[in-house]
Structures are given as C-alpha cells and as structure tokens.
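Features as listed in TrEMBL:
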type: ACT_SITE; residues: TYR115; note: active site
type: ACT_SITE; residues: HIS255; note: active site, proton acceptor
type: BINDING; residues: ASP154, ASN156, ASP254, HIS255; note: Mg(2+) binding site
type: COMPBIAS; residues: 320-346; note: compositional bias 'Low complexity'
type: COMPBIAS; residues: 429-440; note: compositional bias 'Basic residues'
type: COMPBIAS; residues: 454-478; note: compositional bias 'Low complexity'
type: COMPBIAS; residues: 479-498; note: compositional bias 'Polar residues'
type: DOMAIN; residues: 553-614; note: domain 'GRF-type'
type: SITE; residues: ASN156; note: site 'Transition state stabilizer'
type: SITE; residues: ASP229; note: site 'Important for catalytic activity'
type: SITE; residues: HIS255; note: site 'Interaction with DNA substrate'
Amino acid sequence: MKASRGSLDRNLAVPDPFHAFFSFPANKGGYSGVAVYTDTRTVTPLRAEEGLSGTVQPKVPLTTDERISRSYPSAHEMELMPDDNDNTPSDLTALDTEGRALVLDFGLFVLINVYCPNETSDVRLPFKMNYHFMLQERVNKLIGEGREVIVVGDINICAAPLDHCDGHLTSNAATFHDHPARAWFHNWLTPNGSMTDVVRSFWSGRKGMYTCWNTKISARETNYGTRIDYILVTQGMLPWIKHGDIQPFLKGSDHCPIFIDLHDEITTPTGQMLSLRQVMPSDRGQTEPPRLAARRWDEFSGKQTLLSSFFAKGGKMMTAAPTASDTTDDSQPPGSPSPCSSQASAILSTDTAPQLSEAVPPDLAHVQDPDFTTLSESLPFLTTATGPTPQSPTPVPLPSESNGDPETKRVAPLKRTSTDPPAAVASKPSKKQKKDKGKHPGSDVGSGSGQRTLAAFFAPQASQSQSSPQLPPLAKSQRQPSASQTEWGASEHPSQLSSEDDQIATDHRLALHLTSLQEAEPLPLLSSTKNGSCSNSKEAWSLLMAPTQPPKCTVHGEPAKEYTVNKPGPNKGKTFFICSRPVGPGYDKGKGERPREEVDHRYRCSFFMWSANARREALKKNGGTPLPNRP
C-alpha cells in the first residue's frame, strides 16, 4: 500500500464496519506499506503489532499484555548476509523501517501480512535476504510458542519454474534455484520446511497461474507474468483451509487478488467438533480494537482537530466588520449619498469620466433608479449632453428638495483636498506631448513612445524620394456620424475627437486603396508560378511537417510502435520504434538475453529504431534531403 498516514482520509482509515491497521515507511512516504482490514461483524483481532523485530513501537510502547510474542528475532541469533563491505547488521531495526509488515493475533492463528523487498540491484540483495531471514525467524519463534501462523502478501520470489513465465525454458529451468532468494524460499516450503503453499496445493499442475505482470510492456494481455504473491500456512491450519485461488480477472493493479476460504467447522482426529466461531469469536468481550487500529488514532478518535475541519462546509464563517458604505446614517434622508460614497464619486469625477461613460450605452443612462431620478445622476461620471465638460469637476447630486425633480436638484462642485488619493487626478497632457501630437498625428496623446496607426506601416521612409500613394477621400456619408454617435459623443469636446477621427479616416482610405490595387492586379502569391515551383514547395513542406511513418519490423513485416524514453539520462524524451507485437514466453529479448533456439516468433521480435533514423530513411525514399539528428 503506497500511501502515507497524512494522505489517508476517513473513508480509507475508518470505513464502517471495518477496523483498519496500517504500517508506513519511516522515511520514504509512499514507497512501501501494508494494510489489514478486518470485518467487525465477523472477527476482531486481539492484538496487533507493527514490524517483525518487535522494535517498532507507537509513542506509548506496547505493554506485555498488548504484545503478541514473548520473544522476537535477534540479529546475533541469526545468520545474516553481509553487504559489499563485508559488514553484517548488528540489529534488525533498519530492516523494519520501511513499513513492510503487520502482525495480528486472531486467537486461532497469528496473521503476518508482509511486503518483502525486491532485488532492484546487487547492492539491494543483502537487505532482501536479511529481511527474509527475519521473517522466517519470527515465524519460528511463534511456532515455538505453540501458535499457528498464516503468512500472506508479496514475497517477491518465484517458488518454482512453474511460477515464472520463462521458467519452462531450458536455460532457466536448469539453474532456477541457483539464486539465493529462490533457494531460501524453496527450503522454507514443504516438504523441506514448515510452511505450506496452500493455494498451489489446490492447483498443483496449473500453468499460467500468475499474480503479477509488467504493465509497462502490456504483459498482462498475453499472461506473461510471475507468481510472487502467496498464502503460506503452518501444518495445524491445513484442516481449516477449504479452498484457495487467484482472481486475475479483477484488474486495477499490476497484481491480482489471492484468497483462501475457511471451513465453518471441522472434526478433529479425536472426533471433536470445532466451530470457527468458537475458536474465533467476533468480540471476545472487547470494547475497543487494539491500539494500533486507525480508529484509535488521535486524528480519527476525536482527540485531534484536523486542519480540513476549519475549511469544511457548515463551519463558522468570519464576518467582516461593516464599512462606512455598508452602514446607514439615520440622520440622512433615504436616497442621499453617504460621505464615503460622495468621496468615491469625487474620485471618479475627474478627466477620466468621459472615458468611463463610453462603456455604457446611452439608453442605460435613463434607467430609473429607486434612490435617484436618473442613472446618470446616481453615477456622477456618466455625463449627458447637457453635462459639464471634462475639464470641470463633475457635480455630485445632493438630496432633492422638491420631490425628486431633476430640474430643481441642487448640485455642488467638489474640490480636491489633500486627503484625496493622487491617482484620482487625471494627468493633463504636457506641452511636450502636445507638441509631439502636432508632429505625429497618428500617435496617442499621453503615451510616452506613441502608438503607430495602420497607415504608418505602409508609409514610405523619410530617406526615400518616392511619395506615398494618394488615398481616396472619405465619402460624405462616411464622415457624418449617426444619430446615436452624435448623442453618445455630445459631451466630448470636438477638439478631442478630431485626432481620433483623422486616424479612423486615414486607416479607412488606406483599406480602400489596398482593395482597389488587389482588384486591379492579383497578388503574386495567388498567381501561377513557372515550372510548378509553388506546388513543389507545398509538397516539400507537407513532407517535412508530416508525422513520421512507422517503419516495419524485420521479422514480421508489420508497422512498429513508437515509444518515448522516460528514464533519466541523455536519451530522455527521445522516441523510438519497436515491434508492435505483445511480449510472451520466449519473445526475442536480443542475442545477449535469449538463446536463438528458445525464441518464439509469435511474440515481439528484437526490432529497434530511433524515430530520427526512421524519419531520415523516409525522406531518402521520397527523394527529399536528409534531416540532421534531432531528439
């Protein structure tokens, strides 16, 4: 279970009606971990421990009554494998820091759920082997105390050639048990050892009974896998085992479930009838599960407040203090603006007011407002044709004295005080800007560098003697603004609109001129070229930008499949082609990996080609120019 304690939510940690037990790595969060769920309606464990060495303890160590065993494995009593420096571990604490084991006592038996280490490299082999030795020693200690044991989980070892997809090949079968991990496992299982592979005992000769597949190469499609997940039991538990099997049809992981069923009752050799509920009662008078259960963690037992609870729905919301604009002064009549809103209106009543008024259509300026006679009066920066010019401050409406009649409404001009923010005052164009505006009519007043118009891009350079083309004059109907435009811009001074009108007129005449030139003489790009150079160029670009066609593998003659290198290194991100057929027993791994006589050509061959090489070969076949290497 690749998770961490902090990432567990309540649905995973305490799902009713189950008790959950977890073991997480001490340093590498999400690297490894195991979990056990027990149904409270069926059984409740008596005790629970984390780890195999007995050294992994909660903050408050387990008492003697809470412990499962009286004795635990010890490094000086075991024969451990030394590392590359010929150093042997002096204790087993380091082996138990990766959260790989849970031990639960159910009365009838002790359950050990493990996730044994994988041999990722030669350096990792001593750690893997010593963990197996510790597991075996813990089981031996329990057997010595007269307990029955069930070991479940990922052992990460194939017990026999029948449990490996390539185990039947001659090169593997002869040396299969030469590996130290396979040799240890072979000696731990019956008839050599004390543990019975109970699932295999029900399917002794079944082939392809695999529990793990490499999903990166789509090995599950052809059942090219291994059996590394087991249920191992001691001899005293065999009479209780009813059935066992795997469930490869249940997907969602690179492993599949494995299970056993127990008899409800058995008859002992002495003729005594035993019921499973008698030897494994569901409660045994316990009011709470063992202390290791997630239900008794502080974050799930109500002793600790989770951070997420502060952001949950229905929680107390902090109420912001009311501002001046949110409060109403009883001394003022309804509809009158508050001092704060008056100050905000004064800030908006600057030279920028006409620009803001352009954003609202004229017809909205006459919408009735419950507090003001017109919207234009309620929003001081929306001026009408009869309003003041932008150079004068915008008046602020005061309370009406004649039943809200707009003709008799008093207004009072506001003067800027020292408390007004400086950003509220619109900047007036300087003398230098006005001078630049006269020299460059197309520039924008108020901008430091100026903004060029569309006509400026087509104008001749100053050094050229050729004059600019004569642009047709603007029609009279085009120069006259519409009625809505007249009403909309009536509040603006004509001198402010002259520069903008000149820009629009110049751009419009330029567009008409270019249109007439296009109708008189077609553009060269649209005309036909000699010797079909245009069509040749199009074909060349199409060939260059087209996706690389997959090459065909040399054995099957089928289009290959493209993959991307994700492994860190110099080739990361590069793409390559390999045979598109799935992997299977005896697929061609290459001359150095697979003997030629064991290759099965029904599966993937050893074809490989970088995508860059495939692209160059495709261009050569089409008569194109080879491309340089690229990732």
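Residue positions begin at 1 at the first shown residue.
The backbone N, Cα and C atoms fix where each Cβ goes, and this holds for glycine too.
Given the structure is predicted, the values throughout are model-derived calculations rather than measurements.
For the domain 'GRF-type' (553-614), DSSP puts the residue distribution at 7 helix, 12 strand, 43 coil. Contacts of HIS255 (active site, proton acceptor) defined by a Cβ separation under 8 A and a same-chain sequence distance of 6+ are given as ASP154, THR211, CYS212, ASP229, in order along the sequence. Each residue in THR211, CYS212, ILE228, ASP229 lies on the same chain as ASP154, ASN156, ASP254, HIS255 and has a C-beta within 8 Å of the C-beta centroid of that Mg(2+) site, without being one of the site residues. Of all the Cβ atoms in the protein chains shown, 22 others lie within 10 Å of the Cβ of TYR115 (active site). Within the same chain, residues at least six positions away from ASN156 (Mg(2+) binding site) with a Cβ under 8 Å of its Cβ are CYS116, PRO117, ASN118, GLU119, LYS128, ALA181, ILE228.
Along the domain 'GRF-type' (553-614), the predicted structure has mean pLDDT 92. Neighbour count (other Cβ atoms within 10 Å of the Cβ, all protein chains): 14 for ASP254 (Mg(2+) binding site). Taking only the Cα positions, the spacing between TYR115 (active site) and ASP254 (Mg(2+) binding site) is 14 angstrom. Within 10 Å of the C-beta atom of ASP229 (site 'Important for catalytic activity') sit 20 other C-beta atoms, taking all shown protein chains into account.
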